[in-house]
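Participant: The following block contains the structure, expressed as structure tokens.
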Amino acid sequence: MTTTQLGLQEQSLWSRFCCWITSTSNRLYIGWFGVLMIPTLLTATTCFIIAFIAAPPVDIDGIREPIAGSLLYGNNIITAAVVPSSNAIGLHFYPIWEAHSLDEWLYNGGPYQLIVFHFLIGIFCYLGRQWELSYRLGMRPWICVAYSAPVAAATATLLIYSIGQGSFSDGLPLGISGTFNFMLVLQAEHNVLMHPFHMLGVAGVFGGALFAAMHGSLVTSSLIRETTEVESQNQGYKFGQEEETYNIVAAHGYFGRLIFQYASFNNSRALHFFLGAWPVVGIWFAALAVCCFAFNLNGFNFNQSILDAQGRPVSTWADVINRANIGFEVMHERNVHNFPLDLASGDAQMVALNAPAIEG
């Protein structure tokens, strides 16, 4: 009898926990994905803050010349970063217990893997939590579909690129100037600007910003006034009101006359789908571009593709970009002292045909 009562009590406690986790009445929805999201994001955030402030230098190239990335080792908020794991580690999973000591783990950049893996798990769970809450509320699932674009971009940059290049040392440094360094190296090694997927990503991000500004300004300019001239028009809106807050017919007429008729949407649902889909698809392509770079499917090479009647190359902007890429690549590997393949793969030039005679 006692065993039965304990079982019922435990079941009741578990049922209450399940109801609390999945309740949409909480101020913040937790959900089953949140059970994993909260500890992983807290772990990633805590480790990032500590490493950004106080992590010792990391031997990123695996040649015993460590790079200092934290604030306490002389960096400022612009130059500080969590330095990627050492090239000596490569793609090996490197948790704390794999190192002989904590000092060794820090020297080889262990915090980078800890932060990246926990962060990725956290944002995956955040995506799942968005779907879960939409499901509980009876909403359509497109919010998590839209969020999949930045999740795909983060996954491609932090994980797929490192896997394709064969080492986490090629990953994105977690800092401001480290991000810029990563971008320059990515351009040098993969000709990012000449890749069509990157071009689509740029069109998605900048186009999305343009369309958002156009939509916001049109709506703000065609609000239905519910207040006097001396009051803010925002006071005329009541949360949850059934009436339209702006005149879509006026906005449609204005924009159709400003450009041409069919450039303007006459369906509010189609308009907002377009506003959501354009940047999402663009960022999907940007993530695909990074996945291509990971496996060295680089941008187009149009170097010296135009020749004059004598066969001499006529320089284009593609050649200008190529010269910049070579310069970036020469500066990239600080202590390896290797020439970029563009310079090292040419035919050997004879500098002396006859050795001078040495009089003994």
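Every residue gets a Cβ built from N, Cα and C, even glycine.
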Participant: Do you know which of 29-46, 65-82, 245-262 Swiss-Prot annotates as transmembrane segment?
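Facilitator: Checked against Swiss-Prot: transmembrane segment maps to 29-46.
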Participant: Return the count of C-beta atoms lying within 10 angstroms of the C-beta of His272 (Fe cation binding site), excluding that atom itself.
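Facilitator: That number is 12.
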Participant: Far apart in sequence but close in space: which same-chain residues, 6 or more away, have a Cβ under 8 Å from Glu189 ([CaMn4O5] cluster binding site)?
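Facilitator: Glu189 ([CaMn4O5] cluster binding site) has long-range Cβ partners Phe293, Asn298, Glu329, His332.
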Participant: Counting only residues 6 or more past its boundaries, what in the same chain has a CB within less than 8 Å of a CB in the transmembrane segment (197-218)?
Facilitator: 251, 254-255, 271, 274-275, 278-283, 285-289, 292, 299
Participant: Which whole-number value in Å describes the distance between the Cα atoms of His190 (site 'Stabilizes free radical intermediate') and Asp170 ([CaMn4O5] cluster binding site)?
Facilitator: 13
Participant: Where among the recorded positions Tyr126, Tyr161 do you find the Cβ with the fewest other Cβ atoms within 10 Å?
Facilitator: Tyr126
Participant: Between the recorded positions His118, Tyr161, Asp170, His272, which lies closest to His198 (chlorophyll a PD1 binding site), Cα to Cα?
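Facilitator: Nearest listed residue in space: Tyr161.
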